[in-house]
Amino acid sequence: MADGELNVDSLISRLLEVRGCRPGKIVQMTEAEVRGLCIKSREIFLSQPILLELEAPLKICGDIHGQYTDLLRLFEYGGFPPEANYLFLGDYVDRGKQSLETICLLLAYKIKYPENFFLLRGNHECASINRIYGFYDECKRRFNIKLWKTFTDCFNCLPIAAIVDEKIFCCHGGLSPDLQSMEQIRRIMRPTDVPDTGLLCDLLWSDPDKDVQGWGENDRGVSFTFGADVVSKFLNRHDLDLICRAHQVVEDGYEFFAKRQLVTLFSAPNYCGEFDNAGGMMSVDETLMCSFQILKPSEKKAKYQYGGLNSGRPVTPPRTANPPKKR
């Protein structure tokens, strides 16, 4: 399908038609339409910086993980684009049942509102991860492997981080011991896969840990954990007020760390049907005041209770086959 043939409006209206239908209702899309979304959005990602500089007001959302019905609930709550500006922090695919609808609506909105709708890369927007955790299988079942590869080409061009009004630093995972200057992020060339170590890996994989000073080993077997001291030093050095990241299930949909200098957002309520967590969305107004909108979990009791940010971290098992042993 030639670029001009992609009818984004038609696709968006079809994707929104399932509002109010039974959760999980499949949206009919052609392979040509989905491929067109990937190609056009990839062009837009490459035309915009890898480190986005954004202005408030906007709403920031964490992991969605294919929970399409919950994504629609978020938009119902916060306003469907272009009613509000949005920044999503990655992890659109895998685990949930409707990764295709989820990523297609997000890419369609990116194409329709390129200056008001922004998507960062999460660790699941990476072929070696989404090959395993569900997206590949969903693409293969509903379309074909070639289309999954087209998504990979698109994901390899997503921006990595954003700064809101020079004060709020946003990324999917967290900080990196290699990050001294924002220029280092700007120098990352796209398209790129996510390496196993280094700056890009850390921005997508690292986690805060209240029991760590400085840098620690990460139970995921990838990247590091970092303490409150690292957060404070980073904010001071770059004259920032807040780090906003996702990547971990948190019970209330949002959770502060390091005396409110960092916030974790997670926007998939009842994650995987196994957690009793709420989903959170952060609204940043023109004065940079942050407030939180919460999607409550459904009433049914989850299989497991979840005790907070540092209890377990089930979000993604180790990336390597043999993670480094804890010393």
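In case you wondered, yes, glycine gets a Cβ from its N, Cα and C as well.
For Ala2, the entry in Swiss-Prot reads N-acetylalanine, with the evidence type similarity to another entry.
Cβ neighbours of Asp91 (Mn(2+) 1 binding site) (same chain, under 8 Å, six or more residues apart in sequence): Gly62, Asp63, Ile64, His65, Gly122, Asn123, His124, Glu125, His172, Ala246, His247. Annotated Mn(2+) 1 binding site per Swiss-Prot: Asp63, His65, Asp91, in sequence order.
Among the features that Swiss-Prot reports, Mn(2+) 2 binding site is placed at Asp91, Asn123, His172, His247, with the record citing similarity to another entry.
Over all protein chains present, the Cβ of His124 (active site, proton donor) has 29 other Cβ atoms lying within 10 Å. Taken from Swiss-Prot, the feature active site, proton donor applies to His124, supported by similarity to another entry.
The feature region 'Disordered' is assigned by Swiss-Prot to 305-327.
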CB contacts for Asp63 (Mn(2+) 1 binding site) [other CB atoms within 10 A, all chains]: 30
Where His65 (Mn(2+) 1 binding site) sits in the secondary structure, as DSSP reduces it to three classes: coil
